[in-house]
Amino acid sequence: MAEFNSVITTVTGIGGRLGAVILAEIRNIHAFDNPAQLQAFAGLDSSIYQSGQIDLAGRMVKRGSPHLR
């Protein structure tokens, strides 16, 4: 297998194979205006429960890319 060389592999715990999967799923990092959009795309944002005066953060949502989650 050819060596994968990207800045993403400088993150602790991300090697060549995982880095390639992340970049393949994201496709174009410049399509996201801010980190929150990338987080939502990956399905890592939490659900929000609101009722009257109560605002609670819930579980991780099940939408987005299961490969990135």
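Here, residue 1 is simply the first one shown, and the rest follow in order.
Even glycines carry a Cβ here, placed using N, Cα and C.
Secondary structure by DSSP for the domain 'Transposase IS116/IS110/IS902 C-terminal' (6-69): 26 helix, 13 strand, 25 coil. TrEMBL lists 6-69 with the feature domain 'Transposase IS116/IS110/IS902 C-terminal'.
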Stretch-averaged pLDDT - the domain 'Transposase IS116/IS110/IS902 C-terminal' (6-69): 82
